[in-house]
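Undergrad: Below: one structure in structure tokens.
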Amino acid sequence: MDSQEYIPQYKLILVGDGGVGKTTFVKRHLTGEFEKKYIPTLGVEVHPLKFQTNFGKTQFNVWDTAGQEKFGGLRDGYYIKSDCAIIMFDVSSRITYKNVPNWYRDITRVCETIPMVLVGNKVDVKDRQVKSRQIQFHRKRNLQYYDLSARSNYNFEKPFLWLARRLSNQPNLVFVGEHAKAPEFQIDLNIVREAEKELEQAAAVAIDEEDIEN
């Protein structure tokens, strides 16, 4: 019976400076807002995001900080028993990228070597402060990276898909059907192409140890 179907569930911690778009990102999912649960002792909201795949359903229980990061760091209880993580920064704010190593350090201190994705949100903005060629932290730490625009759904599913493949050990896993709400607007394709071109070029050159993160 369908009610007895086994659905793999993963705890996903979503971290990054306040205002980078973490909650907006989660709420783009069709079920992201309606089924959330609040954990007052940790000050977090847990959003169960379900995805249909060619191997059946899978679910990420996304822990969103609910603004707690503004009060200086997160409690270890937020990180404990996490299966994977997304670190988010805002490409229109250089300081949010400079703080990425701090978030990475906090995760690895508690969780060690869980799969992680670094995402640069708000790539739809015209005044991009963190250029694609400057984003190198993921290369130094062997993380996956994606440009993202939560409001336009650009690359919305890619972080989840990459993590689902890693966690299930199914490299051929794909998502089936729609999982995101209709986009708020259409992203400028010229901006997308230029950023993708820069990322490709950056990946082909040696890592610059003097880039803008520490």
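The backbone N, Cα and C atoms fix where each Cβ goes, and this holds for glycine too.
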Undergrad: Pick from 16-32, 67-83, 118-134: which stretch is listed in Swiss-Prot under region 'Switch-II'?
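TA: Going through 16-32, 67-83, 118-134 one by one, Swiss-Prot gives region 'Switch-II' for 67-83.
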Undergrad: Roughly where does the region 'Switch-I' (36-44) sit in mean pLDDT, to the nearest integer?
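TA: The answer is 70, the mean pLDDT of the model over that range.
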Undergrad: In which DSSP state, out of helix, strand and coil, do we find Asp17 (GTP binding site)?
TA: coil
Undergrad: Among the binding-site residues listed here (Asp17, Gly19, Lys122, Asp124), identify the one with the smallest other-Cβ count within 10 Å.
TA: Gly19
Undergrad: Which one of the binding-site residues (Gly21, Thr23, Ala150) has its C-beta surrounded by the most other C-beta atoms within 10 angstroms?
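TA: The largest 10 Å Cβ neighbour count belongs to Ala150.
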